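Okay, structure first, notes after.
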Amino acid sequence: MDFANLAAQLNAGTILPEGIVIVTLMGVLIVDLILGRTSSRWIGYLAIAGLLAAIVALYFQWDATNPISFTGAFIGDDLSIIFRGIIALSAVVTILMSIRYVEQSGTALAEFIAILLTATLGGMFVSGASELVMIFISLETLSISSYLLTGYTKRDPRSNEAALKYLLIGASSTAVFLYGVSLLYGLSGGQTELNAIANGIITANVGQSLGAVIALVFVIAGIGFKISAAPFHQWTPDVYEGAPTPVIAFLSVGSKAAGFALAIRLLTTVFPFVAEEWKFVFTALAVLSMILGNVVALAQTSMKRMLAYSSIAQAGFVMIGLIAGTDAGYASMIFYLLVYLFMNLCGFTCIILFSLRTGTDQIAEYSGLYQKDPLLTLGLSISLLSLGGIPPLAGFFGKIYLFWAGWQAGLYWLVLLGLVTSVISIYYYIRVVKMMVVKEPQEMSDVVKNYPEIRWNLPGFRPLQVGLVLTLIATSVAGILSNPLFTLANNSVANTAILQATKVVSTQVSAIPAEKPDGL
């Protein structure tokens with residue numbers, strides 16, 4: 001094979017955005033090695049510049065004529081592009097909110113950013129991976145980096161405890177996922193590429209076998225852990241409470257987006273012959289997530305734990321689009337993750353600012369905050385109201401698109417349950433807003449009474465201000481501009497071959513008469 005044919009098969013230009021992130025990662029480490037601690041003043045901006053360059057590269061790859069690279073191991077189609085963009089953008093905002101937080105914790109900023117970029121790289125590769133080995137390696141890159149980030153503040157015993165819990169539960173979920181993947185490898189006759197696995201299973205007529213069902217259950221369990229879906233959510237509240245706040249901000253968006261990208265690609269490509277079965281399982285997960293997440297959040301006294309259960313509920317809402325299995329369903333998933341990026345990170349930026357100035361994240365301590373810090377109060381109020389689905393904010397339109405897609409697909413009772421639990425969520429969101437805004441001066445918490453003077457010129461506070469303002473504007477404007485954003489999401493689905501081919505494959509599989517399988 002000559003070099004030209006090899007280059008054509010590799011098509012390495014498809015992973016140019018990931019290449020930019022790798023170069024940025026190496027640049028961060030080299031600059032820190034040369035300059036030491038003095039590099040912390042601007043090393044965050046170097047990482048942000050690299051991530052923005054990667055996002056620009058993704059933009060120029062939109063609707064590429066040949067998205068397949070590395071002989072089918074990675075597909076840079078529009079679906080992967082938009083998920084990779086969400087993950088990279090979440091890393092940008094995370095770095096903005098991390099600079100002051102990490103420096104104040106007494107740990108090295110360069111190493112933190114390097115691990116965060118590694119996690120971003122893993123998430124981006126997961127979003128386009130179409131081969132079992134690449135999926136597993138990318139998923140482990142994201143997972144191991146997340147474990148390290150969770151325990152990064154080594155002097156904090158809560159961070160160490162959170163990292164240990166995350167590692168133990170994460171390792172268990174990885175083992176379960178890997179066993180499910182190994183069953184797929186065996187059932188397909190030794191195939192590792194997703195399309196080849198689906199064809200091998202259909203050819204061997206083992207799609208309805210016990211082995212295929214076990215593989216499906218184990219794969220869904222691994223994905224459920226990554227998206228924080230109940231009952232695979234046990235790690236979420238403790239990790240959210242103990243881990244550094246910028247880390248959980250990234251996990252709540254970047255890791256969740258990677259999990260949903262993997263779910264769409266793996267389930268629609270490999271399991272079209274059991275579509276009704278995996279939709280039934282995800283329906284159960286969605287019901288549990290929406291009910292448990294929203295009901296348990298009512299009793300929380302910590303902002304971080306409240307948002308942990310909120311993220312579980314949000315995963316339940318997003319799963320409605322996945323269960324619908326239509327173009328509108330997938331597009332509404334993508335749109336909701338886009339706006340969730342802005343409104344959730346806006347909320348976490350406010351929590352970081354408040355904790356840096358007061359040292360607490362208890363909900364009761366926010367009482368009367370409006371009179372001391374109007375900008376922070378505005379940002380947190382807008383983000384919480386948007387998460388609750390209050391019009392005309394972005395979260396309202398995100399839920400409208402999800403519920404409408406579910407209704408069109410005949411998921412009537414699931415949509416009604418989503419509406420009811422969404423109303424429940426408004427209570428615990430508005431409770432915080434009311435506490436910040438409505439309280440009289442004499443009802444201020446002791447922490448707010450002693451609130452320090454607001455000084456944005458302190459080291460590391462300016463990036464936090466930029467992150468807060470940008471996410472606040474995006475959360476407010478995304479509702480008004482919901483139609484262009486939904487059109488973008490819809491185009492990403494319409495231009496993705498695997499989602500369009502799934503309809504044809506499902507029809508063909510349903511036409512095959514059921515026979516007793518030869519294998520498991």
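Heads up, residue numbers simply count up from 1 along the chain you see.
Using N, Cα and C of the backbone, Cβ positions are placed for all residues, glycine too.
If you look up Swiss-Prot, you'll see 15-35, 42-62, 79-99, 106-126, 132-152, 167-187, 210-230, 244-264, 280-300, 334-354, 378-398, 466-486 (among others) marked as transmembrane segment.
The stretch with the most CB contacts under 8 Å to the transmembrane segment (334-354), chosen from 210-230, 244-264, 280-300, 378-398, 466-486, is 378-398.
Under the criterion of 3 or more C-beta pairs below 8 Å, with sequence separation of 6 or more, the transmembrane segment (210-230) and the transmembrane segment (280-300) qualify as touching.
Long-range neighbours of the transmembrane segment (42-62) within the same chain, counting only residues 6 or more positions beyond its ends whose Cβ lies under 8 Å from a Cβ of the stretch, are 14, 16-18, 20-21, 23-25, 27-28, 31-32, 76, 78, 81, 84-85, 88-89, 91-92, 95-96, 98-99, 109-110, 113, 116-117, 120, 463. Beyond the ends of the transmembrane segment (106-126), by six or more residues, the same chain brings 15, 17-18, 21-22, 24-25, 28-29, 31-32, 37, 39-40, 43-44, 47, 50-51, 74, 84, 87-88, 91, 94-95, 98-99, 134-135, 137-143, 145-146, 148-149, 152-155, 250, 254-255, 257-258, 261-262 to within a C-beta distance below 8 angstroms of the stretch. Counting residues 6+ beyond its ends, the transmembrane segment (79-99) has Cβ neighbours under 8 Å at 17, 21, 40, 44, 47-48, 51-52, 54-55, 58-59, 61-62, 67, 109, 112-113, 116-117, 119-120, 123-124, 127-128, 244-247, 249-250, 253-254, 257-258, 260-261, 264-265, 330, 334, 337-338, 341, 345, 348-349, 352, 460, 463-464, 466-467, 470-471, 488-489, 492-493, 496, 498-499 in the same chain.
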